[in-house]
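Record features (TrEMBL):
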type: DOMAIN; residues: 87-142; note: domain 'Potassium channel'
type: DOMAIN; residues: 195-258; note: domain 'Potassium channel'
type: CARBOHYD; residues: N83; note: N-linked glycosylation site
type: SIGNAL; residues: 1-24; note: signal peptide
type: TRANSMEM; residues: 116-137; note: transmembrane segment
type: TRANSMEM; residues: 167-190; note: transmembrane segment
type: TRANSMEM; residues: 202-219; note: transmembrane segment
type: TRANSMEM; residues: 231-253; note: transmembrane segment
Amino acid sequence: MGGLRPWARYGLLIVAHLLALGLGAAVLQALEGPPARQLQAQLRAELATFQAEYGACLPTGALEELLGTALAAQAHGISSLGNVSKAGNWDLPSALLFTASILTTTGYGHMAPLSAGGKAFCVVYAALGLPASLALVATLRHCLLPLLSCPVAWVAVRWQLTPARAALLQALGLGLLVAGIFVLLPALLLWGLQGDDSLLEAIYFCFGSLSTIGLGDLLPGRGRDLNPVLYHLGQIALLGYLLLGLLAVLLAVETFSELPQVRALVKFFGSSGPLTAEDQGGILGQDELALSTLPPSTAAPEQAPAC
């Protein structure tokens, strides 16, 4: 494949991406089609039963009109189900969570502005806030990544690892750390607090939040029957979880993207030239990881470099 022209490589990449899209769509269609049809049939049966029992008391089309109004309100995060007098949609904790979902591009969809002014403000707020958020994340990444690389630098010197193996060790270690602290532990906590959610659903929510997918089919739209104080504390906790978790995920993604194997793959599709020393060295060739003190393979080190 090294002899392929650049246009052929780009075409191969596009075809592989389209095949991945088609495969994902086919799998989801096979998995989700039967449950969706079953739920639709159940809903129609429930409506037929209701109309058979109470249809004589309702004007024609009144039920459909009521359901349409309720569904339209639900699309903006407003519901008349349960006890809704305790927690409003646009109180301060809810508004903070909504702004965080904008700046982190999570977009749960559990709330949406109703007024024209609110929609215009969201456009301006996102246009100004997203670049500022990216700049903040880049600054924090630049400060935190060298600190996280210090243990790996010590292990690399101690075990005489090559830069490529040390880079792989750092990427795997950081990935497992992020998965454990920001996916598994919060999922276990949600599983314990939400009795109606399974562990898989809790993991699904955590992963969807940190990957900024935010499908909105699970939390935070639910929980209105909780005590208002607990509900607002949960919203504030979710706000902090989004900010810290996304930073940790970006650090992990940055670490994996600088692996020599990943850089070689990008180099294959991006250029037909030979790999440079920077591409082969990966993140451990960068000054921010401070591994320039690695001794030759023939000399055994006595101490780790200071971080």
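Cβ atoms are placed via backbone N, Cα and C, with glycine included.
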Could you break down the residues of the domain 'Potassium channel' (87-142) into DSSP helix, strand and coil, giving a count for each? 39 helix, 0 strand, 17 coil
Which residues of the chain, 6 or more past the ends of the transmembrane segment (231-253), have a CB below 8 A from one of its CBs? 86-87, 91, 93-94, 96-97, 100-101, 104, 106, 137, 140-141, 144-145, 148, 171, 174-175, 178, 181-182, 186, 206, 209-212, 219-220, 223-224
Averaged over the domain 'Potassium channel' (87-142), what pLDDT does the predicted model reach? 83
